[in-house]
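Trainee: Dropping the structure in here first, questions after.
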Amino acid sequence: MSPAWRSPGAARGAGAWCPSCSTEPEGGPGARPSLHLRAGDPQAPQPLAGGVILGVALWLRHDPQTTNLLYLELGDRPAPNTFYVGIYILIAVGAVMMFVGFLGCYGAIQESQCLLGTFFTCLVILFACEVAAGIWGFVNKDQIAKDVKQFYDQALQQAIVDDEANNAKAVVKTFHETLNCCGSNTLTTLTTSVLKNSLCPSGGNVITHLFKEDCHGKIDELFSGKLYLIGIAAIVVAVIMIFEMILSMVLCCGIRNSSVY
């Protein structure tokens, strides 16, 4: 049978009996296989993870309890806000992760080694910053609560000793109402309840105030819980970054090797 009269079925089946008659890649002659469709897009979780981290950080930043306490001022001295350093780092990391994630997705779709290399470099820089912030947070985790307790003790002392210290009374009242406590220990709780009962949370008396947890314990509980959430978020970010760095390099190497097609 001449080539002019060969049936379409025979033409389609030519590759089945002729090993050298392989079909061309989809997209026409010279097109290489789409690696991001075969291996999946490894950068896809990155924008979502960045959004989650950003949301958690913003929630911690605007939490009513910490906001009420850390925006106080005792005379010319503001409340210690070292706690917000870790929050701002999480906000920055989450925002940059979202941007870098879209960059990685675009690089994977375009199969661009340059964009994927830039994506990998950005992840390495973010990972290094997060490790440094984690070390700083671990070193200062006890100092944050300690500074807040010292600020509270100074305000409480002024409020008890000086009847005209209205600013100190307002600070102490805010601590007591926010944390539902009265006094830094049993002695100060008794003193405050007897001499300055108006500083304690409303609706209580000396007996009920004595059975409540002191404000030092409440401050430790508050900030340890927040720092625990920050630590979990940082660990999740670090794991995602390591996963993304590995897959981006695998995809980049795959694109380089596919240039033979």
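Just so it is clear, glycine is given a Cβ too, placed from its N, Cα and C backbone atoms.
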Trainee: Cys215 forms a disulfide with which residue in TrEMBL, given the options Cys181, Cys252, Cys253?
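Mentor: Here TrEMBL pairs Cys215 with Cys181 via a disulfide bond.
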Trainee: Looking at the disulfide bonds in TrEMBL, identify which of Cys182, Cys252 pairs up with Cys200.
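Mentor: Recorded disulfide partner of Cys200 in TrEMBL: Cys182.
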Trainee: Give the sequence-ordered list of residues that share a chain with Cys215 (disulfide bond), lie 6 or more positions from it, and have CB atoms under 8 Å from its CB.
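Mentor: Residues satisfying the criterion: Lys149, Tyr152, Phe175, His176, Leu179, Cys181, Cys182, Gly183, Ser184.
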